[in-house]
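Feature annotations, reproduced from Swiss-Prot:
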{"type": "TRANSMEM", "residues": "4-24", "note": "transmembrane segment"}
{"type": "BINDING", "residues": "GLY12, GLY13, VAL14, ALA15, GLU40, ARG47, LYS52, ARG146, ASN147, ASP297, VAL316, TYR346", "note": "FAD binding site"}
{"type": "TOPO_DOM", "residues": "25-447", "note": "topological domain 'Peroxisomal'"}
{"type": "BINDING", "residues": "GLY171, GLY172, TYR173, ILE174, GLY175, MET176, GLU177, GLU195, ARG201, GLY260, GLU314, HIS315, TYR346", "note": "NAD(+) binding site"}
{"type": "BINDING", "residues": "TYR173, ILE174, GLY175, MET176, GLU177, ARG201, GLY260, GLU314, HIS315, TYR346", "note": "NADP(+) binding site"}
{"type": "BINDING", "residues": "ARG320, ARG348", "note": "L-ascorbate binding site"}
{"type": "TRANSMEM", "residues": "448-468", "note": "transmembrane segment"}
{"type": "TOPO_DOM", "residues": "469-476", "note": "topological domain 'Cytoplasmic'"}
Amino acid sequence: MGRAFVHVILGGGVAAGYAALEFARRGGYSRGELCIISEETVAPYERPALSKGYLLPEGAARLPGFHTCVGANDELLTAKWYKENGIELVLGTKVITADVRMKTLLTATGETISYKNLIIATGARALKLEEFGISGSDASNICYLRNLDDADKLVNVMKSCPGGNAVVIGGGYIGMECAAALVTNRIKVTMVFPESHCMARLFTPKIAEYYENYYTSKGVTFVKGTVLTSFEKDSTGKVTSVILKDGKHLPADMVVVGIGIRASTGLFEGQLLMEQGGIKVNGQMLTSDGSVYAVGDVAAFPIKLFDGVIRRLEHVDSARRTARHAVAAILEPSKTKDIDYLPFFYSRVFTLSWQFYGNNTGEVVHFGDFTNSSPRFGAYWVDKSRIRGAFLEGGSREEYEAISNVVRRKAKVINIAELEKQGLMFAIQESQKDLPDGGLALGEKPTYVWHATAGVIAAASIAAFGYWYGRKRRRW
């Protein structure tokens, strides 16, 4: 048995939903010509909700409230929407082999699905402790967070140990956001990671110090520079303590693991070119095969801003944009230019929120107030007298736009000391100039009227401010 489609989207995450909406708006298919194949049993949804609003103790986000594409303040794509738009959802279905040459996919049920164009949106999977030689990591109170099933388990485990002790393994995105959620659920948290500070791939030590101090004020304990080696368990097999490399035992009613992800490339290894741990694509999101595209976490694509250097970006904003771009390239290849993406990352925890744009390479110039309870601080990364990256905590919409603009423009820096002195004003003034390449004018007086107010400023994508700034602010 088998079915044939013109367009197949393999994977049911964020990228799949945004690709589907782009197809529908461009009218690039007839009813029954487009399908999404997903191992999950629900239509594509906004994954950021899982580590934010989904974990709230009260008023938690639940489906259908966060199906794509509400993350961009756009349409809510429920199963009904896909049916009305002639898009077939093949849910709860695992593809076990892919034959790029024959343009076929074989499912676990034995069905063969053929395609003319394939968009690989398989995303990435969470790394598991057993991959690092840690046995016993299948205990019922050990949680990961990558999909809806993971989130449901995490919620249930949290409910089972009110006021208990949680050990969070990992100091990156998932570790930090889950730690905040655990605290909100009145669970005591200890974070363990091997690096010298949290968010080590992005944060400078100075930036990390602020967030670690803030978390500490909320009751979080940090254990840095060491790793988990084993567990102690009770007679039922539940973890009761975490044993570290230095021999320390940490009491644990639950464990949350966030030690990174790995792109889901397995079906296509040996068939498509790989780079940066993902599937290599060009500026049209096209792989080494002329009928196969890759988007989201699984895609390694050229960043124009970095002179065409290939990068694989693990963030929802990249998933949304690359998905839309691939559909445009499929339907209107002659009109679609190479993607020109500004790398963008954001997070929000407690009353804090930050955004980062560009590349964190070069000399770091910090600015702003790192001591205020309602902070507004940041950093520039400068290389060869040009702004290469920018970070801002607690900014307004206009201020986030300003730092993104100076990164995209690669604004010229004449004097590092003056850049540090002017701080955010440099970005604001540069953004107001007509010329794309203005230098830092020494002694220039700030002319910008500050719009930010104290309190919670939610993180937002420049392309999709509605995600946090829409008429009805969503709590995820």
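Glycine too: its Cβ is placed from the backbone N, Cα and C atoms.
DSSP assigns HIS315 (NADP(+) binding site) to coil, not to a helix or a strand. Counting neighbouring Cβ atoms within 10 Å of each of the binding-site residues (GLY12, GLY171, GLY175, GLY260), the lowest count belongs to GLY260. The subset of binding-site residues (VAL14, ASN147, TYR173, GLY175, TYR346) lying with their Cα within 10 Å of the Cα of ARG320 (L-ascorbate binding site) consists of VAL14, given in sequence order. Rounded to the nearest whole angstrom, the C-alpha distance between ARG201 (NAD(+) binding site) and LYS52 (FAD binding site) is 21. Model confidence over the topological domain 'Cytoplasmic' (469-476) is summarised by a mean pLDDT of 36.
Using TYR173 (NAD(+) binding site) as the reference Cα, a 10 A cut-off selects GLY260 from the binding-site residues LYS52, ASN147, GLY260, VAL316. For the binding-site residues LYS52, ARG201, HIS315, ARG320, ARG348, the ranking by surrounding Cβ atoms (within 10 Å, all protein chains) places ARG320 first.
The binding-site residues shown are GLY12, ASN147, GLY171; of these, the one with its CA atom nearest the CA of GLY260 (NADP(+) binding site) is GLY171. Rounded to a whole number, the distance between the Cα atoms of GLU314 (NAD(+) binding site) and ASN147 (FAD binding site) is 15 Å. Here FAD is bound by GLY12, GLY13, VAL14, ALA15, GLU40, ARG47, LYS52, ARG146, ASN147, ASP297, VAL316, TYR346 per the record. The longest Cα to Cα distance in that group is 26 Å.
Residues near GLU177 (NAD(+) binding site) in space but far in sequence (CB under 8 A, at least 6 apart, same chain), listed by position: SER51, LYS52, SER347, VAL349. Each of the binding-site residues VAL14, VAL316 was scored by the number of other CB atoms within 10 A of its CB, and the lowest score belongs to VAL316. In the structure shown, the C-beta of GLU314 has more C-beta neighbours within 10 angstroms than that of any other entry among the binding-site residues GLU40, GLU314.
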